[in-house]
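Sharing the features that TrEMBL gives for it:
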DOMAIN    3-143  domain 'CstA N-terminal'
TRANSMEM  80-102  transmembrane segment
TRANSMEM  123-143  transmembrane segment
REGION    173-202  region 'Disordered'
DOMAIN    219-362  domain 'CstA N-terminal'
TRANSMEM  224-243  transmembrane segment
TRANSMEM  250-270  transmembrane segment
TRANSMEM  290-307  transmembrane segment
TRANSMEM  328-351  transmembrane segment
TRANSMEM  371-397  transmembrane segment
TRANSMEM  425-443  transmembrane segment
TRANSMEM  476-495  transmembrane segment
TRANSMEM  507-525  transmembrane segment
Amino acid sequence: MITFFVSVVLLLGAYHLYGSFLDRVLGIDPHRPMPCQTKFDGVDFVPLPWWRVYLIQLLNIAGLGPVFGAIMGALWGPVVFLWIVLGGIFAGAVHDYVAACISIREGGLSLTGIIEKYLGRPVLRVMLVLTLVLLVMVGVLFVMGPARILADLCATGHLGSAAVLTPEAAETPGAGSASPATTTAASSAAGPAGSPGAGSAASPAASPAPATAASDARPFYTQALFWGALIFVYYFAATLLPIDALIGRIYPFFGASLLVMVAMIIWEIVTGRLVIPELTLANLHPAGAPIWPMMMVTVACGAISGFHATQSPMMARTIESEGYADRVFYGAMLTESLIALVWAAAAIGLFHGDTALLKAALGPKNEAVLVVKQVGALLGPTGFVLILLGVVALPVTTGDTAFRSARLILADLLAIDQRSAGKRLAIMAPLFGIALWLTTTNFATIWTYFAWMNQTLSVFTLWACTVYLRHHGRNHYVTMIPAIFMTMVVTSYILIDAKAGFGASPWLGTILSLIAAAICLGQALSRSIHEEIEPAPAPAAS
């Protein structure tokens, strides 16, 4: 328990100490003209109070990752606390905060614009494909999972056997398990675990099972297709409407519910109902999956996530003062790290530190929602409601802004003004068309690479931030060191992992990842010193 509360204190202290240090590094100016004031358009550039921007940012970045990813990370034992805390403080929160400040100073520029300006157009081409694929996949992933849970709830009156898994919460990377697809217990007919195509029907993007006479006889509100359609309609509205018309109104409620849920779990720890073991550096993973780099990819959103940098510019267009940037962006990421820390502790504490029991509780398909339900049972009826809000609202409130970010990125690239609803629809139509097609297509193999793609995107952002800081004479080490580390993580993962990558030996993979990081460092330093940074295209709504 001491380890847990020391971790909490470190996260809280980092906000005041390291956050203040970053303020000085960035030269924060509370009087700087903000994009929501200079480029107000009533749609995306809209001033919002800082506390609302903070809650929206928190829900934008906190899908199911800090819950399910943390539970899966708990399989390594208390060592996961180190990655969540240190990764959150020195990598993830810095990544989100610096990217947001660059966007603010570039007039609300989206992530792709930042990459183009500071890393160049050739790098942008690679990053653009990665970003758009990631955003659409996030949106699709968070449709059918919540839809199946809602359908099961309506059919049975309780959470039943439905289970949803995110890619980073699915089979542990490198453990040689089944495809990390989003899974429901009802989809076990897809085939035995590990067989070709197994789990594909469990993915929210997989083809729905043919309707039977029994399913046709069920009320419409007990069928996943009905709830999936409703969620898609909500996504469409949230992507189209001004940010303060829908997202800005409902997110504070969900954000408050999330924080109350975390407080309730902490209370269970304080009262001793959840016993948290102390820190050990031993690898306690039941399958023997290595800590490096597998744990860093599995526990993505709780420590660092490239997806976050697609969200920060969106909220940078709404913040009223640069003086609020630290609490909104650095603070939101540390809050997510706290959420991940709490859920990792809860997963470990439920089984008194026995990771083999935790693995057994997850079941053969690593259904993290089964552990979530056990935590909900500890919290009582109120806890059950909050758990339901979490497993449904969290993915939904991440999926909607994923589509919105994709729209903004395409609008910036194509220089299409977004004040007109017709022009917004013109960009949204192909995005949602692709998303709808993906929900009927088997692409289970892609999910194997999802968490890796997410972390790879963070590498692009960290190197762009490094070039920005060095180009402007700032302390660039705050992003350069995390950039080197994460470059090594994603490179070694794809080289070492036998299922997703090339199956190289850990030593060879690590050495090659160090070489890759050195090459990236040389390129970044060269660009920041010897090359003229070309102006990036202005945001479309300017």
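The backbone N, Cα and C atoms fix where each Cβ goes, glycine too.
Just so you know, TrEMBL annotations never went through curation; they're auto-generated.
It should be emphasised that the depicted structure is a prediction, and the values quoted were computed from it without experimental measurement.
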Could you check whether the transmembrane segment (371-397) packs against the transmembrane segment (476-495) - three or more CB pairs closer than 8 Å, residues at least 6 apart in sequence?
no
How many of the residues that make up the domain 'CstA N-terminal' (3-143) does DSSP mark as helix, as strand and as coil?
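Reading the DSSP string over the domain 'CstA N-terminal' (3-143) gives 111 helix, 1 strand, 29 coil.
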Let's see if you can do this one: DSSP helix, strand and coil counts over the domain 'CstA N-terminal' (219-362), in that order.
98 helix, 1 strand, 45 coil
Quick check: do the transmembrane segment (328-351) and the transmembrane segment (290-307) share at least 3 Cβ pairs under 8 Å, counting only pairs 6+ apart in sequence?
yes
Which listed stretch (123-143, 224-243, 476-495) has the most C-beta pairs under 8 A with the transmembrane segment (80-102)?
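Ranked by Cβ pairs under 8 Å, first place goes to 476-495.
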Restricting to the domain 'CstA N-terminal' (219-362), what is the model's mean pLDDT?
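The answer is 89, the mean pLDDT of the model over that range.
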Take a look at 224-243, 476-495, 507-525 and tell me which one has the most Cβ pairs under 8 Å to the transmembrane segment (290-307).
476-495
The transmembrane segment (476-495): which same-chain residues, six or more beyond its ends, come within Cβ distance under 8 Å?
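Residues 22, 25, 90-91, 94-95, 98, 173-174, 292-294, 296-297, 304, 452, 455-456, 458-459, 462-463, 465-467, 469-470, 501-502, 504, 506, 508-510, 512-514, 516-517, 520-521, 524, 528.
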